[in-house]
Amino acid sequence: MNQNPVEEGQKFPLTIRRMGINGEGIGYFKKAVVFVPGAITGEEVVVEAVKVRDRFTEAKLNKIRKKSPNRVTAPCPVYEACGGCQLQHVAYNAQLELKRDIVIQSIEKHTKIDPAKLKIRPTIGMEDPWRYRNKSQFQTRMVGSGQVETGLFGANSHQLVPIEDCIVQQPVTIKVTNFVRDLLEKYGVPIYDEKAGSGIIRTIVVRTGVKTGETQLVFITNSKKLPKKREMLAEIEAALPEVTSIMQNVNQAKSSLIFGDETFLLAGKESIEEKLMELEFDLSARAFFQLNPFQTERLYQEVEKALVLTGSETLVDAYCGVGTIGQAFAGKVKEVRGMDIIPESIEDAKRNAEKNGIDNVYYEVGKAEDVLPKWVKEGFRPDAVIVDPPRSGCDQGLIKSLLQVEAKQLVYVSCNPSTLARDLALLAKKYQIRYMQPVDMFPQTAHVETVTLLQRR
């Protein structure tokens, strides 16, 4: 029996009490929870129920009766349609406060820990919270009689929203994407049709090295074929000298994953170079690298502050990617070991260590939950561990290993407060949470990065 007093299509007044982990407003109607995208804490609004469930209602914002002083006009023309950003309508200082609150909400929801007893610091923000993303992944679509559009899927849909400019992207990523889009249209290159499973071009991926100016273009295709390849490469070379690497990645899977397993060089170099904390890093097409290079240095500074190192420690860099975090600390410890499941990332990490003159690092391809126990069996025990997992959080096998290893210091770098809280609840058996430091890596969105210091009990 439906206990929810709200009916679909019903319109009713609501006071927004709080904002949720996805940036939506939360209010209560006859004690039932109502989620309202676009509403801000303290606002009095009129909403319309669009989805009614037993325990909650999703509603759309119809009218604002009392506006929050933190409400601003979103500068992006496709903000409400796109779904890539959730907080452009919120003043930036209020965004930072919300992100700290998102961490608190996650602790409340997923653990029995009282967040009031934790030291959760104010969020570290950006001076200029725009144009920060160094990588774009724009889907393609054919419309009308041969017109090609590029953009992002709308929130919770597979409807492409065409985007001419994205104001959180580095300008060069948009410039290259738009140029390639026009080339695809000019030469009539077949665009992938998701429903039919036909066509070739699925996605245009562009990544730039902000400090080096080197830019990589990746054609994500449905087959190894790339019609008009020679003509397009010639035009790109002539018009876009900043593009120093052009790759093709083949993804024939019917899934939402961007990349497939097969990548090959079309022109230029296999990778681009980026600089971070006075180190140089090669980035291949599939390798993970933080999307906001400006805040990445702030993030790593917070990791550095968290760890107490004398120079005699062994350090594990789990989910190491191209080796950025571990190599930033290599000069402060006896040995760094890192692992990652993407072979190209490990190749990049090894090459980066050589390039940076670092010889006390060791890298291995594999899952962190498999590799760490293997190392322990071989007699290696880390004094400190840094984990920087994907949004899904740490694998339960890795959590088990971390509890067995009992490293003196554990720094958890998280991009998802919900999975962070879930993992902290388990790690709390052997580790004490010293503090949590939110860092705003993705301004204008509801995403928050958190550096958490844990010490062995």
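Cβ atoms are placed via backbone N, Cα and C, with glycine included.
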Let me know which member of Cys166, Cys320 Swiss-Prot also records as binding [4Fe-4S] cluster at the site of Cys76, Cys82, Cys85. Cys166
Need one residue: from Gln290, Gln295, Gln301, Gln409, the one Swiss-Prot lists with Tyr319, Asp340, Asp388 for S-adenosyl-L-methionine. Gln290
Which recorded positions (Cys76, Cys82, Cys85, Cys166, Cys415) fall within 10 Å of Asp388 (S-adenosyl-L-methionine binding site) by Cα distance? Cys415
Pop the Cα-Cα gap between Cys76 ([4Fe-4S] cluster binding site) and Cys415 (active site, nucleophile) into the table, whole Å please. 24
The number of other Cβ atoms within 10 Å of the Cβ of Cys166 ([4Fe-4S] cluster binding site), counted over all protein chains shown, is 22
Neighbour-count leader, CB within 10 A, recorded positions: Cys76, Cys82, Cys85, Cys415: Cys85
Name the one residue among Gln290, Tyr319, Asp340 whose Cα is closest in three-dimensional space to that of Cys82 ([4Fe-4S] cluster binding site); these are the binding-site residues. Gln290
